[in-house]
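For reference, the structure is listed below as structure tokens.
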Amino acid sequence: MNDIWWQTYGEGNCHLVLLHGWGLNAEVWHCIREELGSHFTLHLVDLPGYGRSSGFGAMTLEEMTAQVAKNAPDQAIWLGWSLGGLVASQMALTHPERVQALVTVASSPCFSAREGWPGIKPEILGGFQQQLSDDFQRTVERFLALQTLGTETARQDARTLKSVVLAQPMPDVEVLNGGLEILKTVDLREALKNVNMPFLRLYGYLDGLVPRKMVPLLDTLWPHSTSQIMAKAAHAPFISHPAAFCQALMTLKSSL
């Protein structure tokens, strides 16, 4: 089995694993790497099949998490953005002793809309899967544009995300399809009731993929977790609001 691409950066005494979202790679953290690297030892990861972690096919959430866990430090804060939030959450469920704190960013335990649950309509996710086989590049670009919609720096933020994708080899259609399948089918709402490490959830008020309506529902479901909504951010708050984003992580670190 191939190894996944993994880079450590910074010299802080606290380890922080950063997991990117669908279609992207670890370069997405470039704009906050310097700032965070002075406080943490960062573990920058390309998820299996993405970026420089080539040679992997489509995986289930459990398989993806097991692959990432192999390279991970014994103890770290695990931060996952969007799809990466599901991987970080799965890590907290399967290896709680290795997760000092769990941070999910613009992520949902159940991305797909269900009865009484806000999310992305399953037919939209299905549509993305269909379009992937028709026009691969265009579909990924549309998904990226959705992520920054509404922010004051939307155009610039979308360009940043696009440059991250283009900087590395594109994932295979099979891998992207597998990622959408995870977003469409996984539901960790009940399972995450049982995690007992510090748990911080960060959201963008303008996020079109992870609706803020779910925040109070999860506050009730997971009273042990803390939520923070960033007022002018959308789906990529670390790109549009890097200072506030880093501050939230420093505050978490000082509370551990």
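Cβ coordinates are placed from backbone N, Cα and C, and glycine is handled just like the others.
As written in Swiss-Prot, here are the features:
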DOMAIN    15-242  domain 'AB hydrolase-1'
BINDING   Trp22, Ser82, Leu83, Phe143, Leu144, Ala145, Leu146, Gln147, His235  substrate binding site
ACT_SITE  Ser82  active site, nucleophile
ACT_SITE  Asp207  active site
ACT_SITE  His235  active site
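According to DSSP, Trp22 (substrate binding site) is assigned to coil rather than to any helix or strand. In this structure, Leu83 (substrate binding site) is part of a helix by DSSP. Checking each of the recorded positions (Trp22, Leu146, Asp207) against the residue listed as 'active site, nucleophile', the C-alpha distance stays within 10 Å for Trp22. The Cβ of Leu144 (substrate binding site) has 23 other Cβ atoms within 10 Å, all protein chains considered.
The number of other CB atoms found within 10 A of the CB of the residue listed as 'active site, nucleophile', across every protein chain shown, is 27.
Taking the domain 'AB hydrolase-1' (15-242) as a whole, pLDDT averages 95 in the prediction. In this structure the C-alpha atoms belonging to Leu146 (substrate binding site) and Asp207 (active site) are separated by 9 Å.
The record assigns Trp22, Ser82, Leu83, Phe143, Leu144, Ala145, Leu146, Gln147, His235 to the substrate site; their largest pairwise CA distance measures 16 Å.
Taking a C-beta cut-off of under 8 angstroms and a sequence separation of 6 or more, Leu83 (substrate binding site) has the following same-chain neighbours: His20, Gly21, Trp22, Leu47, Ser107, Gly179, Ile182, Leu183. In this view, the densest Cβ surroundings among the binding-site residues Trp22, Leu146 belong to Trp22, judged by other Cβ atoms lying within 10 Å.
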